[in-house]
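Participant: One structure is given below, represented as structure tokens, and several questions about it will come after.
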Amino acid sequence: MPEPSKSAPAPKKGSKKAVTKAQKKDGKKRKRSRKESYSVYVYKVLKQVHPDTGISSKAMGIMNSFVNDIFERIAGEASRLAHYNKRSTITSREIQTAVRLLLPGELAKHAVSEGTKAVTKYTSSK
């Protein structure tokens, strides 16, 4: 049985072929695509609740996934509610109802009160 063929040998030191993939033809480096996340906001909330506590990058990744998941669930439920009521706009009322439907008991009450507080603060600052 023949050996599996290996990829091209690595270029030698000083070789002109050793141009990285991140470089364009004119020598400029390609700009890295920005990865959006909630890490800044998770960190701010953590410092409000536990000022002396840190968070690992793995835990931050988990928190980011959690926030994305909850966002998608609430947005999906709010969209469904708007569709049921033949509305084309998702308002704070749909979001509030979606939160009440998705989150259990006391957690929903706290989320609704915090949301109402945030909306009030936003509208008063305008």
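Going from the start of the chain as shown, residues are counted 1 onward.
Cβ coordinates come from backbone N, Cα and C, glycine included.
Heads up, here are the entries from Swiss-Prot:
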- 1-12: compositional bias 'Low complexity' (COMPBIAS)
- K6: SUMO2 cross-link (CROSSLNK)
- K21: SUMO2 cross-link (CROSSLNK)
- K35: ubiquitin cross-link (CROSSLNK)
- K121: ubiquitin cross-link (CROSSLNK)
- S113: O-linked glycosylation site (CARBOHYD)
- S7: ADP-ribosylserine (MOD_RES)
- K12: N6-lactoyllysine (MOD_RES)
- K17: N6-lactoyllysine (MOD_RES)
- K21: N6-lactoyllysine (MOD_RES)
- K35: N6-crotonyllysine (MOD_RES)
- K44: N6-lactoyllysine (MOD_RES)
- K44: N6-(2-hydroxyisobutyryl)lysine (MOD_RES)
- K86: N6-acetyllysine (MOD_RES)
- R93: omega-N-methylarginine (MOD_RES)
- K117: N6-(2-hydroxyisobutyryl)lysine (MOD_RES)
- K117: N6-malonyllysine (MOD_RES)
- K121: N6-(2-hydroxyisobutyryl)lysine (MOD_RES)
- 1-36: region 'Disordered' (REGION)
Participant: Let me spell it out: for each of the recorded positions (K86, R93, K121), count the other Cβ atoms within 10 Å of that residue's Cβ, using every protein chain shown. Which one has the most?
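Facilitator: Buried the deepest by this measure is R93.
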Participant: Between K121 (ubiquitin cross-link) and the residue listed as 'O-linked glycosylation site', find the distance joining the two CA atoms and give it rounded to the nearest Å.
Facilitator: 12
Participant: In whole Å, how far does the CA atom of R93 (omega-N-methylarginine) lie from that of the residue listed as 'O-linked glycosylation site'?
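Facilitator: It is 13 Å, counting Cα to Cα.
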Participant: How many Å lie between the Cα of the residue listed as 'O-linked glycosylation site' and the Cα of K44 (N6-lactoyllysine)?
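Facilitator: A Cα-Cα distance of 20 Å.
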Participant: Sorry to bug you, but what's the C-alpha spacing from K86 (N6-acetyllysine) to K117 (N6-(2-hydroxyisobutyryl)lysine), rounded to the closest Å?
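Facilitator: Counting only the Cα atoms, the answer is 28 Å.
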Participant: Any idea what the Cα distance is from K35 (ubiquitin cross-link) over to K44 (N6-lactoyllysine), rounded to a whole Å?
Facilitator: 19
Participant: Taking the Cβ of the residue listed as 'O-linked glycosylation site' as centre, how many other Cβ atoms lie within 10 Å?
Facilitator: 10
Participant: Among the recorded positions K35, K117, which residue has its Cβ surrounded by the fewest other Cβ atoms within 10 Å?
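Facilitator: It is K35 that, of the recorded positions K35, K117, has the fewest other Cβ atoms within 10 Å.
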